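As given in Swiss-Prot:
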- Asp37, 59-61, 91-100, Tyr217, Arg235: substrate binding site (BINDING)
- Lys93: active site, proton donor (ACT_SITE)
Amino acid sequence: MPAPSYSTRAAAHPSPVARKLLALMDEKKSNLCASVDVTTTAELLALVEKLAPYICMVKTHIDIVSDFSYEGTVVPLVALAKKHRFLLFEDRKFADIGNTVKHQYAGGVYQIARWADITNAHGVTGAGIVAGLKQAAEETTSEPRGLLMLAELSSKGAIAHGKYTEETVEIAKTDKEFVFGFIAQGDMGGREEGFDWVVMTPGVGLDDTGDALGQQYRTVDTVVQTGTDVIIVGRGLFGKGRHPAVEGERYRKAGWDAYTKRVSP
């Protein structure tokens, strides 16, 4: 039996952010998230502009931008997201108690809850992290916000698997409107209980198998066939000798072709 399409899932999903994302993916024919780990605002905005037509989402590590300012970095980034129709995912990986993450998410210099449609968290401190982040989002903005839980990682020797992953899924189940999916390596189940998890997978490459710092790459086709909804690609799009627009379309097409295969009868 073929998997349900993004548009079918968008119509019924309990999370406003997931509905928006799945509909946008269907509209742009893209399940590609660009991971833009660059260290200046100029590089960030230029790279996003080149990749924008091919992606459904941009994933940032905003704290590595050395010349960050809200007005100079975030405001133009949000404008690009609106203009080119993609969501913003700040890969913050929150991992503290609820009261602390509430301040980290809403406050400080980055004010993540104000602008990032999506963020993520580890389950190591328990379900309080979900409640704290949701409260911060509700107190900060009327725009929909969504959380991904880190269930599995793509790096060599990662300890996020087995029992840890199972417990993280249980934490995710505590709020299906706010927690809409996982960073994971494939399908996370839950359909028989009424959950429709959106799975996003890093460590996806068409050419490389890994790097010297422990990253392990899997092919686009492999991850999509095992249940991944969004492929997260970084250096494959803009590494040395690569042209972002060319690679953006290449990965977009590979991701969409793999998805089409998955939903075809």
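These residue numbers are counts, starting from 1, taken along the chain as shown.
Every residue, even glycine, has its Cβ placed from backbone N, Cα and C.
A map of Swiss-Prot features onto the structure.
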| residue | record | DSSP class |
| --- | --- | --- |
| Asp37 | substrate binding site | coil |
| Thr60 | substrate binding site | strand |
| Asp91 | substrate binding site | strand |
| Ile97 | substrate binding site | coil |
| Tyr217 | substrate binding site | coil |
Going along the chain, which residues six or more apart from Asn99 (substrate binding site) have their CB under 8 A from its CB? Gly132
Out of these binding-site residues, Ala95, Ile97, which one has the fewest other C-beta atoms within 10 Å of its own C-beta? Ile97
Least buried of the binding-site residues Asp37, Thr60, Asp91, Tyr217, going by other Cβ atoms within 10 Å? Asp37
